[in-house]
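Peer 1: Dropping the structure in here first, questions after.
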Ligand code: PRP
Ligand code: URA
C-alpha cells in the first residue's frame, strides 16, 4: 500500500490557512500556493537519489553529492495543477513538465480528458503528479492510469488538500503510489467539494469566479 505523507511543517500550515481563507484575493492566493508548492517539494524530494561528484574547494578536493535533475518530471493536472509548477521548479529547475488536461463533469464528477502532452522520455523519469485538490480521486486516478498506460512506473502524487474519500480511492486503484498532502480534510459535500477545503482551486487561482 502506498504511504500518505502529511507535510505538516509550520510554514506550510501557516500559508495553507491563508489559502483556505475566503477573503484571500487571487494574487495572494496564487502566491501562497506557489510558496507551499516550494515547501512541499522540499518534503517530497527527501529521499531522492544523489549522484557522487568531485569538486575543488579553494583549499582541497572534496566529495560532493548532487541531484540528477534530468530524471524528474512534473505532471500538473490542468488547470489548477499549474499553480504549483513554478514553486516546485524553483527547487528542481531541471525537471521537465508534462501536462494532463482534465475537467470534472459537474453532474457525474467523472474526469473528462481534453489534453495530454508529455516529455518524450517520460518513462525514464520519476514523476510527480500535481493537483491542489484530491476530492473524489477521479482526476488523480485517471492521470496516474494514463501515465501507467504509457509505460511510466515511478509516480508520486502531490496535493494541497485531500478528502479521505480521494485518498482511499487512489490507494485502492493505485496501491503503489505515495501521496503527499498538506492536509486531509473532513469529507466531501454533495457536490464533490472538499469540506472545509478552499473552494474551487482553479477559479481561485485564475480569478474565473
Ligand atoms: C479540480 C481539481 C482537480 C479535481 C479534483 O479540477 O483541480 O483536478 O477537481 O476532483 P476529483 O478528485 O473529484 O477528480 P476541475 O475539474 O475543477 O478543473 P480545473 O482545474 O480546470 O478548474
Ligand atoms: N475541486 C476543487 O477545486 N475543489 C474541491 O473542493 C473539489 C474539487
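Each residue, glycine too, has its Cβ placed from N, Cα and C.
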Peer 1: Considering the 5-phospho-alpha-D-ribose 1-diphosphate binding residues 79, 104, 131, 132, 133, 134, 135, 136, 137, 138, 139 given in TrEMBL, which of 21, 200 is annotated for that site as well?
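Peer 2: Same 5-phospho-alpha-D-ribose 1-diphosphate site in TrEMBL: 200.
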Peer 1: Looking at the binding-site residues 79, 131, 133, 137, 139, whose Cα is closest in space to that of residue 194 (uracil binding site)?
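Peer 2: Ranked by Cα distance from residue 194 (uracil binding site), first place goes to 133.
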Peer 1: Determine the mean pLDDT over the domain 'Phosphoribosyltransferase' (7-208), rounding to the nearest whole number.
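Peer 2: That stretch averages a pLDDT of 96.
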Peer 1: Check the Cα distances from residue 79 (5-phospho-alpha-D-ribose 1-diphosphate binding site) to each of the binding-site residues 199, 200, 201 and keep only the ones within 10 Å.
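Peer 2: So the list reads 201.
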